[in-house]
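Visitor: To start, I am sharing the structure in question, which I have written as structure tokens.
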């Protein structure tokens, strides 16, 4: 939850270090993190391992915080399940007293995602104003976006070529958040935005919480800067081969 702002454990630091090594060749343009300490430390560890953007500023955003669990915060998961059972409900849909509903968490995720889309469009417009569309990109897409999971995804998913008909935005954003929050964000992508999912993804994987430092990769296309109809493709979900 949000109320107990503990640092990473020794295991957590090892996992964050492993995630940093895994993502060390990815050239990020922006980094956003929850403002809770465990997420801030994870983001710092990942950037510290990066070959291209060690000095990139991490922006902290309260919209990326874990779900608020009210009276259940700081207590074992078994207590939360017992509370849900006593109320005749099941986790994760159960909301403890003083906690956030799933709809409230999803609204936070939607708000933050729309902020990211707006950021990407503004970057595109600024780049065009400065250099002109013809010289917008420096280097090839392969040089700009070097992802480590070609063994786990199809080349078609990664290339995702749109034939040059629409503009490809050069924002490559790392977001560090929390398990229950990200599960709700994915729910928003799937139910509201019709996110395209990997063909081998099972229903249980879709509804499960990411392992610590699990990596998910989404490609977002905004056709001609249209913020109302983002095209979302999930390349990888909760990838943990680095652990």
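Glycine residues also receive a Cβ, built from the backbone N, Cα and C atoms like all the rest.
Pulled the feature table from TrEMBL, pasting it below:
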BINDING   38, 66, 67, 68, 69  substrate binding site
Visitor: CB neighbours of residue 38 (substrate binding site) within 10 A?
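Guide: Residue 38 (substrate binding site): 21 neighbouring Cβ atoms within 10 Å.
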Visitor: Please give me the CB contact count at 10 A for residue 67 (substrate binding site), counting all chains in the structure.
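Guide: Residue 67 (substrate binding site): 23 neighbouring Cβ atoms within 10 Å.
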Visitor: Per the record, substrate is bound by 38, 66, 67, 68, 69: how many Å separate the farthest pair of Cα atoms?
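Guide: It comes out at 17 Å between the most distant Cα atoms.
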Visitor: Near residue 66 (substrate binding site), how many other Cβ atoms are within 10 Å of its Cβ?
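Guide: By my count, 22.
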Visitor: For residue 68 (substrate binding site), write down the residues of its own chain that are at least 6 apart in sequence and whose Cβ falls under 8 Å from its Cβ; none is a fine answer.
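Guide: Within the chain, residue 68 (substrate binding site) has Cβ neighbours under 8 Å at 1, 2, 3, 98, 99, 100.
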Visitor: Excluding 38, 66, 67, 68, 69, please set out which residues of the same chain place their CB within 8 Å of the center of the CB atoms of the substrate site, keeping sequence order.
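Guide: These residues sit around the substrate site: 1, 2, 3, 36, 65, 73, 178, 180, 181.
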Visitor: Residue 69 (substrate binding site) has how many other Cβ neighbours within 10 Å of its own Cβ?
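Guide: By my count, 24.
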